[in-house]
Amino acid sequence: PQSRDEKCGDLSGSSDEGEGTMDKEPVPAVETESMMKRLFGFEKEDLSSWHRLVCLLNRPTDPASLGIFRFLFGMIMAIDITQERGLSHLDYKYLDGAPVCRFPLFSFLQPLPLDYMYLVYVVMLFGAVGIMLGCFYRLSCLMFISTYWYIFFLDKTAWNNHSYLYGLIGFQLTFMDANRYWSIDGLRNPPKKNAQVPLWNYTLLRFQIFIVYFIAGVKKLDADWVEGYSMSYLAHHWLFDPFRMILPNEMVSLLVVHGGGLCLDLSAGYLLFFDATRPFGIFFVSYFHCMNSQLFSIGMFAYTMLATSPLFCYPDWPRHFFARFPEILRPVLPLTYPPPQPSTSCVYPMTQHTSSGPQDLPPAPKTRFKHKLATLFTILYLAEQFFLPYSHFITQGYNNWTNGLYGYSWDMMVHSRSHQHVKITYKDGKTGDVGYLNPGVFTQSRRWKDHGDMLKQYATCLSRHLPHYNISDPEIYFDIWVSINERFQQRIFDPRVNIVKADWSPFRPNPWLMPLLVDLSPWRTKFQEIEGTLDNQTEIVFIADFPGLLLENYVSEDLGNTSVQVLQGKLNVEIVDEKKNYTLQPGEQKQKLPAGAYHKVYTVSEGPSCYMYIYVNTTEAALQRNFTKLFELQERVRNGTETEPLPPELQSLITGENEGSEANVMDPVVQLFLRRQRRMKEVKKRREANVGERLNRFIVKKYYMLRRAFLMTAIAMRNLAVGLPPLEQLTREVAFANMKEPETEANQDLKDEVGHDEL
């Protein structure tokens, strides 16, 4: 029997599969294993020379765990293609002829015509299925990663860490022998079936997952995360209700959300690394990823990470696991016996066996060129992965308030942003006429607001589209106000710079990026104190601005009693219609800014100014009071305590609660009240649904999503094969594909927060 003393959950993994399969009496060990051997699975002498390192990383290893991961990864990617990759709504994103601004990594990358984009996704889907089944494995990997990275590079606005990770894993699997276990290739080619794989196959994947956890933890050592400002809103989620039973909300945010996330990321790789701590590591990371699947819209990332955890176990764990299943299921389950057969991909040690049995090891070959190349690839790849998250000093043009493009640095959830004000101004280069554009016009993304490289691409794209609207040689100016991690709202880019003509290089710092006012970060504790003194109807916005700049603001007619108060610096407030100016020092306040009118706030101090707007939405407050009165009246009528007869315009409070009936109500306040009541009832019904109802809702939703994806794909493939049908037929086909599940339209409003969005 094979020894299981060597540690496979570490750098090297289990390696005895090639040596411990002889049917003979075991030879007693001459000497005990060293501590390093017990912990890491190899001796330090294995790192003493290039030859020994090559032998170590090409040591024969059981293919079982790798084969199971290949199957799970391929299956998850096949599901992901229809969801987060966008196959189910591909026509919305790449509609032919639509004037859309796109944000590729390289300017020469452009989407293909829509039907061909569907073909790209079909190739990617077949590649993912081929990886899952281990069918024409190497070709399937190439089909998957070539199309995946094309889609990935085509749109920087969709970048995130887990999408990047999928591409990396697909790239790694291309070079691995992951089709040696539970694969169709093994049935087609017996020498590949159940053949051992070199240790570097496991080393790469384990180190990749270790990097994801550990670098994410290192990034969370950022002061904003440690102090609890990055994800403070998460503490309000129902998943943290058990913690709120013993801790106040502020401590749940600081200790559980931020402290727990930091500790888990820093320790997860090490916990999974060693045998003694692995059960704890698998428990904690599984709990962590299950929570993340509920907290964030991250597609299949949580399930992908769950699938990686068994890679840290002994490579032969599937054999022991599936051996417990009934014998009748064995033909469709992964192999549990015989032991893995030798492979030319591995380097075997010297052997003295002379028998010719089928399990004898082959003669000890010298290390071949492919073994050395695999070792070099492993070392260079891991070095690159450790270096890339800190390579931002090279690609300085992509650095903004945070370093690099979000997606390859593993700085997951470290920064949260809110945008208070976005203004796009254009100026006709010939006539000098000035106008304004709706933020986000000609684009489907919002991420351009935080990245200088995307802003440059967006401005260039706008300059190409605006001449079609009789705007010649347009100049484009952006005034974007952002708060990062609960700081002041401040400008991120210089609003005085024409971005169309502005200089930008991927290797030089962005000259029109405004610095983050980190010196004002301590004000965040003061924000909480100020907000704590306000009533529920009063709202506040904290602003910081640079000397010499101004904020032109419009006070909505709904906002009564709006005032501006200086916290630091010196302001000059100009009331445009009244042609009056007011100079404000720290602590001074300009009350009752005129509603329905513009005003300008100039920063006239030598340093940055800090001030706050305090306002009440008087329209919403009045509506809330009316809602309260209507609700109290409705309750009195229901319990029989209302003695006065209801006037005709209020009869609908009793008769108008059904879906859609508010449309027959004439009074707009009563109509809004009934609509809100129906929304609240639907939300309550969904929240109180049992497991069966939730599962049914989930299955129905996924069915219609997959249905649309495959029907639209079939239409595109038909178009490529035989050409476009008549327009009427195509319209009917698309309408059939767009058919939605019952009650979808009725539940559409549930996406909005129950409140006063109808205002």
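Even glycines carry a Cβ here, placed using N, Cα and C.
TrEMBL lists 58-317 with the feature domain 'HTTM-like'.
Per TrEMBL, the feature region 'Disordered' maps to 1-28.
Residues or ranges marked as transmembrane segment in TrEMBL: 118-151 (among others).
Positions annotated as transmembrane segment by TrEMBL: 199-216 (among others). Residues of the same chain lying 6 or more positions beyond the ends of the transmembrane segment (199-216) and with a Cβ under 8 Å from any Cβ of it are 8-13, 15, 56-61, 65-66, 69, 161, 165, 168-169, 172, 176-178, 264-266, 268-269, 272-273, 285, 305, 308, 311-312, 315, 374-375, 377-378, 381-382, 385-386, 389, 409-412.
Sequence annotations record features per position, and here TrEMBL assigns transmembrane segment to 251-273 (among others).
Taken from TrEMBL, the feature transmembrane segment applies to 280-303 (among others). Packing against the transmembrane segment (280-303) from elsewhere in the chain are residues 76-77, 79-80, 83-84, 160, 162, 165, 213, 234, 237, 239, 264, 267-268, 270-273, 309, 312, 413: each is 6 or more residues past its ends and has a CB under 8 Å from a CB in it.
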- Same-chain residue ranges lying at least 6 outside the transmembrane segment (118-151) that approach it to Cβ under 8 Å: 67, 70-71, 73-75, 77-78, 81-82, 85, 87, 90, 109, 112, 166-167, 170-171, 173-174, 178-179, 182-186, 712-713, 716-717, 720
- Positions on the same chain near the transmembrane segment (251-273), where near means CB under 8 A and six or more residues out: 9-11, 209-211, 213-214, 216-218, 220-221, 225-228, 230-232, 234-235, 240, 243-244, 280-282, 284-285, 288, 309, 312, 413
- Task: Grab the pLDDT values for the domain 'HTTM-like' (58-317) and give me their mean, rounded.
- Result: 95
